[in-house]
């Protein structure tokens, strides 16, 4: 008998065909198929094609199913294993962990509960129904634990809100002002105890709404909080001083009422950090502690001199426009001495002279300055000659006067006379 060895045959067409086009199974390496019988786009014979026959494909799928069944059985066995619980005498520290323990204890079977007593020996709990807690009692315990967890979260949120409110209050506090060495200014009397005004009081809300209305009514090209005289009041770029007339407001806190002045020429609206410690008669502007300008001042005129180490402090009643203009001052100011009446704003004449709230900047010699005596002598000469100084800036003029021009109780600060200034818009040529 002669044995005929069959060659590879394509599973699709059943013929040998082109043996070069046969592709063998990657799993059994026995079954084959033609490249052109796969039903895919033509591929060169040199490229490798991955193909698995039907028999190998079915066997692999069956093995995968068996593996999945084995993993499922292993998971079920691990769930059915007895759980070990440690006895705890202390109260639950974290409500979330307590809720998890309650759930796990409720899901256990009676014969699977194993505990440790105080001596560390394992004790098997009785399988009686009396020793096993009911599911209803477990659910009630779980609800109690969840309620304690919610209460803990609510308390944490309330504490965070309180901390945020404290931070906001500390930010809204008034800026520090220069401390008075003698603890009193000349001529101060009848100091009233400070009255606290809560942030939620209606009076504060009305004050803030009035500030916003007044600030919105300003034109963008106006230099607000700057002193203007009658000559420049006709131009649209200069606000009238009459619009800064003093208005009284009543602040109620409990059964106490205090009347305060809004401020006249220096600022249209007082800052929200206005201290409420003095009545309207004795309430005065104070220089803010941190100077906004520090530099050299050269004086030209009858008393020519140069003073170094001069500092300027913004008034506590000054508006944001004063801060903006003062912060743009150069390190060297050139001042010209002129007769006071020549540069005296007409608004001061109409309102009976300047008040402490008319001050925009306070000028003092710094503690490091060596020209303190020169500064004091300049103030004395300006008082005797009834003089003033003018510094020409880009968009405004800085007018400087002696403290003698203010009310008597504002003449000195730390027993020293000083200079104070206001900003005045520059006149633009009409032609």
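Backbone N, Cα and C atoms are what each Cβ position is placed from, and that goes for glycine too.
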Annotated range (Swiss-Prot: zinc finger) out of 7-59, 60-112: 7-59
Counts by DSSP class (helix H/G/I, strand E/B, coil) across the zinc finger (7-59): 12 helix, 7 strand, 34 coil
Candidate with sparsest Cβ neighbourhood (10 Å radius) among 13, 25, 56, the listed binding-site residues: 13
For residue 34 (Zn(2+) 1 binding site): intrachain residues, at least 6 apart, with Cβ closer than 8 Å: 10, 12, 13, 17, 18, 21, 22, 23
Least buried by Cβ count (within 10 Å) of the binding-site residues 28, 53: 28
Densest Cβ neighbourhood among 10, 37 (binding-site residues), 10 Å radius: 10
